[in-house]
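Report on one structure; see the data block that follows.
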Amino acid sequence: MATTTCQVVGLLLSLLGLAGCIAATGMDMWSTQDLYDNPVTSVFQYEGLWRSCVQQSSGFTECRPYFTILGLPAMLQAVRALMIVGIVLGVIGILVSIFALKCIRIGSMDDSAKAKMTLTSGIMFIISGVCAIIGVSVFANMLVTNFWMSTANMYSGMGGMVQTVQTRYTFGAALFVGWIAGGLTLIGGVMMCIACRGLTPDDRNFKAVSYHASGQNVAYKPGGFKASTGFGSNARNKKIYDGGARTEDDEQSHPTKYDYV
């Protein structure tokens with residue numbers, strides 16, 4: 001029961017984390033314009049992994065996709081790759097973990113096969129969560145670097161006496177969604193790996209005394225003592241008295257009470 005519960009909880013957490021990773025990858029608010037010390041408030045800009053958007057004070061929003069691949073920063077392309085790899089591994093892990101549930105029987109599949117499938121799905125979930133967390137963290141580090149570079153350029157004119165207008169970007173909502181989703185997927189993978197231990201058959205060896213069914217030539221030897229039933233090989237050379245098998249001379253030398261009539 002505990003193994004099934006651990007599997008189901010791990011699957012649900014991983015499924016929720018995978019949905020969060022997909023949502024974060026498709027969101028446009030990976031970076032949002034910092035409005036602090038910005039005199040222009042009628043225009044709000046934000047960017048995602050696939051396009052950049054401009055929102056006006058009237059409520060009209062215009063988005064423009066990135067029409068180039070080679071012209072994009074290498075960090076942005078790396079983040080894209082990490083998020084896509086995390087999503088693909090998460091989808092495969094979900095499919096494997098569904099068939100690995102202990103409460104689902106498929107043909108003659110035993111617990112050892114389900115244990116291997118559970119461990120495989122758990123490892124996939126862990127890698128998927130790590131990819132999502134690394135991708136979001138790399139993008140966040142890029143934002144922090146650009147933010148402080150833009151801040152330094154704002155106060156560089158005329159010895160810092162003249163402030164120039166610079167567009168600075170800060171963390172968007174997609175970063176927090178990606179961090180939470182990656183953490184949930186990672187926790188789900190750990191729980192699936194823990195559930196694998198409950199499905200693994202116990203192969204430990206225990207010391208025991210071998211027992212054989214009793215027979216004519218069976219001898220039990222505990223600690224050097226030998227006991228025999230009397231019907232073994234040692235008893236074959238012994239002469240056994242048989243009152244029913246006598247010769248004629250034996251009958252004459254050993255009369256019975258019926259001989260005196």
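A Cβ is built for glycine as well, from the same backbone N, Cα and C atoms used for every other residue.
Swiss-Prot annotations:
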{"type": "TOPO_DOM", "residues": "1-6", "note": "topological domain 'Cytoplasmic'"}
{"type": "TRANSMEM", "residues": "7-27", "note": "transmembrane segment"}
{"type": "TOPO_DOM", "residues": "28-80", "note": "topological domain 'Extracellular'"}
{"type": "TRANSMEM", "residues": "81-101", "note": "transmembrane segment"}
{"type": "TOPO_DOM", "residues": "102-122", "note": "topological domain 'Cytoplasmic'"}
{"type": "TRANSMEM", "residues": "123-143", "note": "transmembrane segment"}
{"type": "TOPO_DOM", "residues": "144-173", "note": "topological domain 'Extracellular'"}
{"type": "TRANSMEM", "residues": "174-194", "note": "transmembrane segment"}
{"type": "TOPO_DOM", "residues": "195-261", "note": "topological domain 'Cytoplasmic'"}
{"type": "MOD_RES", "residues": "S214", "note": "phosphoserine"}
{"type": "REGION", "residues": "242-261", "note": "region 'Disordered'"}
Item to check | Positions whose Cβ lies under 8 angstroms from the transmembrane segment (81-101), at least six residues beyond its ends | outcome: 4, 7-8, 10-11, 14-15, 17-18, 21-22, 24-25, 49, 114, 117-118, 120-122, 124-125, 127-132, 134-135, 138, 178, 182, 185, 189, 192
Next on the checklist: With helix taken as DSSP H, G or I, strand as E or B and everything else coil, how many residues of the topological domain 'Cytoplasmic' (102-122) land in each class?
Outcome noted: 12 helix, 0 strand, 9 coil
Checklist outcome for this item: Using DSSP three-state counts, the residues of the topological domain 'Extracellular' (28-80) come to 7 helix, 19 strand, 27 coil
Item to check | Close approaches to the topological domain 'Cytoplasmic' (1-6) from elsewhere in its chain (Cβ under 8 angstroms; 6 or more beyond its ends) | outcome: 101-103, 191-192, 194-195, 198-199
Item to check | Residue counts (helix, strand, coil, in that order) that DSSP gives for the topological domain 'Cytoplasmic' (1-6) | outcome: 5 helix, 0 strand, 1 coil
Checklist entry - For the topological domain 'Extracellular' (144-173), what is the mean per-residue pLDDT, to the nearest integer? => result 70
Item to check | Chain residues outside the topological domain 'Cytoplasmic' (102-122) and at least six past its termini with a C-beta under 8 angstroms from it | outcome: 3-4, 7, 10, 14, 93-94, 96, 189-193, 195-196, 199-201
